Amino acid sequence: MTYFPPAAEICDSPRHDWSIPEVLALFELPFVELIYRAQTVHRQHFNPNQVQMSTLLSIKTGGCPEDCAYCPQSVRYSTPVKAEPLLPLEEVLTAARNAKARGASRFCMGAAWRRLKERELEPVAKMITEVKALGLETCVTLGMLGPGQAERLKAAGLDYYNHNLDTSPEFYGEIITTRTYQDRLETLSQVREAGIHVCCGGIVGMGEERSDRAGLLANLANLPRHPESVPINRLVQVEGTPLAGAPELDPFEFVRTVACARILMPASFVRLSAGRETMSDELQALCFLAGANSIFYGEKLLTTPNPTTDHDQQLFERLGLELLFPQAQVAAPVPEADEVGSASG
């Protein structure tokens, strides 16, 4: 097995040069050893008993022209999801107020678009401004962006932009053909250049190999800056999509993925995203032990079910977890230590 240094040696500074063999060596560690290393890294950057809560609202559901094999919002598949218009501003604000009242500190708005069109930018910008005025962090996922659009979203008060890599470059073509991996990387670059925080992760349990999970995490960690938020989604199978009936991912492998994400991106929030509704409390507890410190809160994630808010509150009480409330006014991304050194040198 490839040698991997003790946890104390891997927390000193963030890395952006991970190889697939190195990440696979992490995955292959004995389970308890891997969890120990992840928890050690986690404690160097976070209070291990605090979890940040976000709420995700679909502001434009269905009708997407892309062919993501996991997504019930694609027009290419016969699913229960039907195309709907953009939600009115007041409906979005009502959802945001309710989310804040239940303990969410970040409000995420998702639209089933291939890319943000100019005619939709102004109403979305208004939503961002009004949600931020409520004292919440703001996040959107709107697809690819055109020239100058990221800057205009930033000016409206946007804190985070979500754009996932989904999986490894090698497996990517099995999941989507209507958007390239490079398209995704270019969108992330636009977001960074505009001074917006990046939310970027992927989906596991789509029939990929462990090497693909390692490849996804390596590509995330090797970005010029680590994403501030890393959502780890476990596939929610929806009848009518090509991935309905995909083999279930072993629960311990999911925990290993969370632990490796924590080690590779030590200062990022690692979020348990889609798929929590089918996770046992024990599995979620293992994920928190492995370094997950954020969840999506609320009974629906875009179009898929999520645990009830009462259930999440009870789980937090049983585990002694506290809510983390970041400042609502999020500053521009601060360079990582190694970037400061290279810039000044």
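Glycine is no exception: its Cβ is also placed from the backbone N, Cα and C atoms.
According to DSSP, Cys64 ([4Fe-4S] cluster binding site) is assigned to a strand segment. Here Cys64 ([4Fe-4S] cluster binding site) comes close to Cys71, Gln73, Ser74, Val75, Ala112, Trp113, Arg114: these same-chain residues lie at least six apart in sequence, with C-beta atoms under 8 angstroms from its C-beta. What Swiss-Prot records for Cys64, Cys68, Cys71 is [4Fe-4S] cluster binding site, and it gives sequence analysis as the kind of evidence.
Other C-beta atoms found within 10 angstroms of the C-beta of Arg271 ([2Fe-2S] cluster binding site) number 24, with every protein chain shown included. Annotated [2Fe-2S] cluster binding site per Swiss-Prot: Cys108, Cys139, Cys199, Arg271, in sequence order.
The domain 'Radical SAM core' annotation in Swiss-Prot covers 49-276 and is backed by sequence analysis.
Under DSSP, Cys71 ([4Fe-4S] cluster binding site) is assigned to coil, being neither helix nor strand in the three-state scheme. Cβ neighbour density within 10 Å is lowest for Cys68 among the binding-site residues Cys68, Cys199. Spatially close to Cys139 ([2Fe-2S] cluster binding site) yet at least six residues away along the chain are Ser54, Arg106, Phe107, Cys108, Met109, Leu158, Asp159, Tyr160, Tyr161, Asn162, Cys199, Ser229, judged by Cβ distances under 8 angstroms. Taking the Cα atom of each, Arg271 ([2Fe-2S] cluster binding site) and Cys68 ([4Fe-4S] cluster binding site) are about 21 angstrom apart.
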